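Features reported for this protein in Swiss-Prot:
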- 1-10: compositional bias 'Basic and acidic residues' (COMPBIAS)
- 1-71: region 'Disordered' (REGION)
- 33-48: compositional bias 'Basic and acidic residues' (COMPBIAS)
- 87-109: repeat 'LRR 1' (REPEAT)
- 156-177: repeat 'LRR 4' (REPEAT)
- 179-201: repeat 'LRR 5' (REPEAT)
- 202-223: repeat 'LRR 6' (REPEAT)
- 271-292: repeat 'LRR 9' (REPEAT)
- 294-315: repeat 'LRR 10' (REPEAT)
- 318-339: repeat 'LRR 11' (REPEAT)
- 342-363: repeat 'LRR 12' (REPEAT)
- 389-410: repeat 'LRR 14' (REPEAT)
- 412-434: repeat 'LRR 15' (REPEAT)
- 435-456: repeat 'LRR 16' (REPEAT)
- 528-549: repeat 'LRR 20' (REPEAT)
Amino acid sequence: MRRTKGRTDSPDVQSLNINADYGEAASLTADDSTAHKSDKKHDPEAKKQVTITVQPGVKPKPTVKKRSTPSADLDIHKEIQKCREEGATRLDLSKAAVTVLPKELKELTSLRELYLYGNRIAVLPPEVGLLPNLETLALSENNLTTLPDNLVKLTKLKVLDLRHNKIKEIPDVIYKLTTLTTLYLRFNRISVVESGIGNLKLLERLSLRENKIKILPRVIGQLVHLVTLDISHNHIENLPAEIGNCVHMTSLDLQHNDIPSLPDSIGRLTAMTRLGLRYNQLSSLPDSLANCSGIDEFNIEGNNIAELPEKLLSSLKNLTSLTLSRNKFEVFPAGPPKQFCQVNTFIMEHNRMQKIPFGVFNKAKYLSKLNVKDNQLTSLPLDFGSWISLVELNVATNQISKLPEDIQWLVNLEVLILSNNLLKKLPRGIGALRKLRVLDIEENKLESIPTEIEYLRSLERLVLQSNCLGSLPRSIGYLSSVTYLSVGENELVSVPQEIGNMESLEQLYLNDNENLQSLPYELVLCGSLQIMSIENCPLSALPSQIVAGGPSLVIQYLRLQGPYNGMVDTGVPTSDV
């Protein structure tokens, strides 16, 4: 492969998520964005409560009045006085530049919810422990390192949010807050979770994400009411078998740890719908995982797995997204075609797979995105033309030397990535892909482009960099929607006049065509052109001082010397990349 020169990555391709790592699209995060609202009781004070309704999948707001920047103008004493006089049950002092809480806070005995997000509090005063009715205490984004012991008096506390603080050790008092249902400790500096965590038997949501924890204690199995557990982005070296006792678990996030294996007991978590296993040290998966049939997104990217349990995929009846990237698969996952009947996204890039079996996607009527980039494929299966639901196909960085003519049946394709293969030509049937927006064939061995390319009227990005092209078809002028055209590092001797019809063209890369002696006058008709690269092109038909002046001067010269010198200057490329 040749090193590509004279190009810059465009945000257009990145936004399509073709060359990006797909793992993040399926990453799991426990829903700990804000404190969980407490149960609403019917009492005369209910009219003084402000409740927050959180829709599934929508990031909840911690407070009703959101302050985008810290406000030193807020008079905390007046807020507390007002709260006391009204007998309010909720106080929001979030993002108010608070450093010290006043002692009169203890007088707010009716308070049920206290929000102190985004302040500068380093020490929580013991007065907070004197709020007997407090159910929600939100302290995210402060400078706390510990908590006062008398918080143990908060016998009604259900939600404790300590995200984004400076806690190195979980304060002992937390292990005594036995009424907690929600505990968020993510983004701290915690290295140890003591066995006292087992005391919090009512916990439903626990987040320890982004800490420095190595060992998850076995008593985690005593938290039988857990619904979501997020211990991702730590240094966890084991998952205790007792995790199987948490039978109400629906979301378990273990990604970015050092876990070498999963216990068989994980198969008891039959309510689970989300399981995050990305970037661990897993070399295999237990057969019992097939019992977790409700999982809809299965992502094991970045492990050492070479094969899946035989019946696993067939058992995941709700599976819509499957990511097996960056493992050690040498063969396609075994199993009948029905295992993909609900799958819409299948990503298996960066493995060692040599073949996609015939008929494997016969039942995959919803499959819209297939990424098998960076494997060892030499061809595509004979039934390739039956993958008619595909919208995005990425087979880059393989050893494919020929595309099947049946590609004409993939009429829903919008993105086709074929870069870094061994293709010498494209089938004429490619002209049938009328919805295609991105066609990337960089670093192949193409000697020509079929004239049928003219039918790709929806095409916006065409990448032909680093091939063996001696010319471009005149029909390229029909591609009036193309904004990005890269034909650098080829063997072009000319550019067709019809390029002037590409009215949407914004970026044109002609760099490193060592036989390119001239440019057509029609380039001046590309009124949207902003960037043109002509680096390392001789362009001997033009005056050397003009070429040395760069693309802007070249365009001006073509305009003045050609038949279009009476036209209004609608745009001149300003840079040579």
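For all residues, glycine too, the Cβ spot is worked out from N, Cα and C.
Using DSSP to sort the residues of the repeat 'LRR 20' (528-549) gives these counts of helix, strand and coil: 5 helix, 3 strand, 14 coil. Across the repeat 'LRR 11' (318-339), DSSP helix (H, G, I), strand (E, B) and coil residues number 3 helix, 3 strand, 16 coil. Remote same-chain residues near the repeat 'LRR 5' (179-201) are listed as 32, 35-36, 140, 155-170, 172, 207-217, 219-220, 222-225, 230 (criterion: CB distance under 8 Å, separation of at least six residues from the stretch ends). Residue counts for the repeat 'LRR 14' (389-410) by DSSP state, with H, G and I taken as helix and E and B as strand, are 5 helix, 3 strand, 14 coil.
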